[in-house]
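**Q** Dumping the structure here so I can ask a few things about it.
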Amino acid sequence: MPELPEVETVRKGLERLVVNQEIASITIKVPKMVKTDLNDFMISLPGKTIQQVLRRGKYLLFDFGEMVMVSHLRMEGKYLLFPNKVPDNKHFHLYFKLTNGSTLVYQDVRKFGTFELVRKSSLKDYFTQKKLGPEPTADTFQFEPFSKGLANSKKPIKPLLLDQRLVAGLGNIYVDEVLWAAKIHPQRLANQLTESETSLLHKEIIRILTLGIEKGGSTIRTYKNALGEDGTMQKYLQVYGKTGQPCPRCGCLIKKIKVGGRGTHYCPRCQCL
């Protein structure tokens with residue numbers, strides 16, 4: 001699943017490709033992917049111009065002025081822009097024909113991606129209802145609320161970080177990475193972390209997600225940005241996907257276990273339970 005660095009990289013590519021472009025028509029091959037009123041979706045966007053492409057957590061926000069199209073890539077979603085003819089592909093599900101003759105296509109092998117049309121004035125309430133936490137930046141991701149959230153939870157730390165309430169944008173890859181960096185076992189109960197562990201974890205979340213954005217995200221399986229390029233963050237991962245390889249810090253072999261139903265990579269020596 002694309003996580004925050006990957007989605008931000010897609011956003012940057014879309015910003016270059018489609019901002020200030022007007023929608024001429026829309027074709028939807030898989031109607032179930034549109035989670036708001038389908039007819040409203042079909043008639044509201046043609047004639048509108050993409051003013052900005054923004055991001056909140058793992059959500060892409062196409063700003064059309066009064067309305068915003070909220071897009072979630074889920075497991076395999078990606079956007080492609082074709083300047084002329086669009087090739088046949090059974091995994092192309094939404095087509096946004098632009099007035100300049102090009103077509104923005106949404107591709108999704110799993111068909112898990114979602115689209116919603118939301119009034120811009122309702123966007124804050126939309127994300128409040130989803131209980132989406134702050135962006136992982138030094139300005140918005142404050143230590144005190146994060147520390148309090150951990151102290152009040154009896155959940156293991158990994159599932160808690162994955163649920164997006166304390167901080168937005170973390171997925172399986174980057175949770176493994178930040179927990180390794182902070183030397184915290186993924187099964188540790190959140191309310192058992194010390195203040196120093198919580199402080200280090202907070203700093204590493206900001207540092208690693210920022211690095212992920214700088215490196216264009218991680219291409220592990222199929223991820224590419226909107227320009228068709230691979231990310232390079234996979235070259236900087238320390239534990240994710242490294243089962244049986246030496247820990248870069250201590251040399252102990254990396255192990256993989258299940259935590260909350262998710263495959264989880266950690267160092268048994270650095271991250272004691």
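For all residues, glycine too, the Cβ spot is worked out from N, Cα and C.
According to Swiss-Prot, the protein has these features:
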ACT_SITE  P2  active site, schiff-base intermediate with DNA
ACT_SITE  E3  active site, proton donor
ACT_SITE  K58  active site, proton donor
BINDING   H91, R110  DNA binding site
ZN_FING   238-272  zinc finger
ACT_SITE  R262  active site, proton donor
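Give me the local environment of each listed feature.
**A** Residue density at P2 (active site, schiff-base intermediate with DNA): 26 other Cβ atoms are found within 10 A of its Cβ, drawing on all protein chains shown.
Taken residue by residue with DSSP, E3 (active site, proton donor) is part of neither helix nor strand, so it is coil.
A simple way to gauge crowding: the CB of K58 (active site, proton donor) has 22 other CB atoms within 10 angstroms, across all the protein chains here. In this structure, K58 (active site, proton donor) belongs to neither helix nor strand by DSSP; it is coil.
For H91 (DNA binding site), other Cβ atoms within 10 Å of its Cβ number 14.
Across the residues of the zinc finger (238-272), the predicted structure has a mean pLDDT of 97.
When secondary structure is read from DSSP and collapsed to three states, R262 (active site, proton donor) falls in the strand class.
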**Q** Looking only at R110, R262, which of these recorded positions has the biggest number of Cβ atoms within 10 Å around its Cβ?
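**A** That would be R262, with the highest Cβ count within 10 Å.
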**Q** Where DSSP helix means H, G or I and strand means E or B, what are the helix, strand and coil counts for the zinc finger (238-272)?
**A** 0 helix, 12 strand, 23 coil
**Q** Can you tell me which recorded positions out of K58, H91, R110, R262 are within 10 A of E3 (active site, proton donor) by Cα, answering none if there aren't any?
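**A** Within 10 Å of E3 (active site, proton donor): K58.
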**Q** Within 10 Å of K58 (active site, proton donor), Cα to Cα, which of the recorded positions H91, R110, R262 are there?
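**A** Correct set: empty; none qualify.
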